[in-house]
Amino acid sequence: MSSEKLTTVEELQANLINAYHEEFPNDEPTICAFAPGRVNLIGEHSDYNSCFVFPMGISVGTMVIGKALDDQENPKCYFRTLAEDLKESKSFELDITEQITPLESPKWGNYVVGVLALFLERIKPNKKKSFRALISTSVPIGGGLSSSASIEVAMCTFLEILYRDEYAYDLQLSQVEKALLCCKAEQTYANVPCGVMDQYISCFAKADHAILVDCKNNTSKYVLFHDKSLCILVTNSNVKHELTSGKFAENVEHCQQAAKILGHKNLRDVSSIDELEQGRDKMSPVTYRRAHHVITEMQRTQAGAQALENKDYKEFGRLMYESHESLRKYFEVSCAELDQLVELARSVDGVFGSRMTGAGFGGCTVTLVKKSSVEKCIETIKNNYKGKATFYQFEPSDGARSIDLKKSNDK
Ligand code: GLA
């Protein structure tokens, strides 16, 4: 196999149940929640500008299993990750009688603790529950496939099940509220000024569909994307640039500045590239370039969703290349490795389009390619890429869900 074998949801579940039994012999978990990662097809660095994104859910994601514990007097939560290669502690316990603040360490804990803290704001103090939770993810970490959002959304789904009874009447979260809660957790506990795309798609993803999300009002439209002759090839550059988080925040600020200079709340409300040109003299060249990407990407994303709906893959591919070029030249979040991966894919017959996906500075490219040409594309990249790439083939997959452990046990 030239592509990586992906861990299935069933394998993730079996691993977690084994780990649970090892740690807590003669005890059974009762809750199991899963939430997927995502690949963004087009619409990059658009969400925090209230523009459009067009992602799809993927078959890898995060699973949380565990159960409620009896200690109601002094509620505590126990977390453990099965992640390997961690330099920090793999488990910790949290007292939830007090206000929950971001953790110094382990850092991974902030993705679950942030969600828990915001979720508990909806629960009466005397209703807080003790629980234990074991967590495992099959999303490649740092690959730009949204491992963090899948952890947040899986955790939130776990909590929804845990509090199902108390919570069912007036506190139930809508899907949009859930995505926003998880996004806020990432912004405030993991300290990344991200938009809502990753958490939104992890909640709303649907098999055989991509989703056009309007991040201005958090509404979305499913677009059927099911064609057996096609493949979504994700290529991991295996480059992780450390400067990502600082640069990400800087770019968010440039976009906000540009909107302000043009007299708008955000770049979504800029009517055309002409309007940007008219304000060009009033902004720094960097601010201009960032805004240029966002405004043109907004048009590309809407056109891209339409092209995919029309099964016009050639046009969709053209827009993917344009998007990559804009991210490289104007948003400046690509890197030599990602550019090379796109160019190598482009040289293969049967490839419609290719671009970097996610925040950038490394991570993955996404390529739309005829199934009959996938192997050729992989081979071309393997033989010519200056780094060592890994490959994944994805189909649009379902969003966050509860998994019935009883049913799985009965099988
Ligand atoms: C990261 C963020 C998203 C989005 C993308 C870029 O994945 O978490 O909100 O901004 O980068 O499109």
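Glycine is treated like the rest: Cβ placed from N, Cα and C.
What TrEMBL lists as domain 'Galactokinase N-terminal' is 19-66. Feature annotation from TrEMBL assigns domain 'GHMP kinase N-terminal' to 110-205. Taken from TrEMBL, the feature domain 'GHMP kinase C-terminal' covers 306-386.
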* Count up the helix, strand and coil residues in the domain 'Galactokinase N-terminal' (19-66) according to DSSP, in that order. => 8 helix, 27 strand, 13 coil
* Asked: How does the model score the domain 'GHMP kinase C-terminal' (306-386) in terms of mean pLDDT?
  -> 97
* Structure fact -> Residues in the domain 'GHMP kinase C-terminal' (306-386) per DSSP class, helix first, strand next, coil last, are 48 helix, 16 strand, 17 coil
